[in-house]
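Residues or ranges marked as site 'Transition state stabilizer' by Swiss-Prot: ARG13, LYS20. The site 'Positions MEP for the nucleophilic attack' annotation in Swiss-Prot covers ARG150, LYS206, and the record cites sequence analysis as its basis.
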Amino acid sequence: MHFLIPAAGSGSRMKAGKNKLLIDLEGESLIYWTLKSVFSASSTNWVGIIGQPKDKELLLNSAKNFAHKVHWINGGDTRQESVFNGLKALPKDAEKVLIHDGARCLINPELIDQCANQLDQNEAVILATKVTDTIKIVDNEGFIKETPDRNYLWAAQTPQGFLVDRLKKAHTMAIDKNWKVTDDASLFEMLNWKVKIIEGTYSNIKITSPIDLKIAKLFVKNSTPS
């Protein structure tokens with residue numbers, strides 16, 4: 001399975017002053033823990049990191065001790081542009097791809113394999129969890145407009161998996177139509193193409209704030225042999 005990791009997080013909400021994937025987590029960078037999980041999945045055979053040139057040396061340095069090579073791909077101005085760059089950099093024989101947020105360093109390798117396997121029956125899959133909170137839709141003035149039925153609400157995660165040719169086509173059409181999205185599954189939705197949900201875990205958080213980092217430290221401590 002070919003695997004792309006967008007890794008251009010600025011770390012502004014973390015107040016880190018650097019790419020948040022370079023922040024220390026129990027003696028290693030965030031991207032190290034993400035790569036550790038990715039390479040622990042039996043389906044993984046090719047990995048590309050998509051990032052900004054200024055971070056290339058440090059990000060690849062975090063990958064140097066893994067047995068598998070990590071390929072570098074220059075990112076764009078947005079996540080959407082970066083993923084499209086990643087797709088164009090895949091080997092010509094790549095038929096399927098998983099795309100995973102670099103900041104989701106707690107991903108279970110078994111879920112990665114599950115996503116990969118489901119691409120044998122589906123052209124697009126994403127990990128997601130059932131929403132447990134009551135969600136409110138509000139107007140521009142902060143007043144509640146409605147409460148959607150949470151039985152139909154899922155919180156999207158990554159990896160998100162796709163047939164490569166299909167996703168390339170979706171990105172090309174998005175450029176033509178000037179569509180802006182924050183994840184690749186949204187492109188499929190806009191084109192009325194089916195995306196299969198695979199139930200994920202609540203521990204697969206995206207590290208975006210200092211409290212997220214504290215949670216991640218607890219998980220890493222409990223999963224790392226002393």
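Each residue, glycine too, has its Cβ placed from N, Cα and C.
Across the fold, the C-alpha of ARG150 (site 'Positions MEP for the nucleophilic attack') and the C-alpha of LYS206 (site 'Positions MEP for the nucleophilic attack') stand 21 Å from each other. Neighbour density around each Cβ, counted as other Cβ atoms within 10 Å, peaks among the recorded sites LYS20, ARG150, LYS206 at LYS20. Rounded to a whole number, the C-alpha distance linking LYS20 (site 'Transition state stabilizer') with LYS206 (site 'Positions MEP for the nucleophilic attack') is 11 angstrom.
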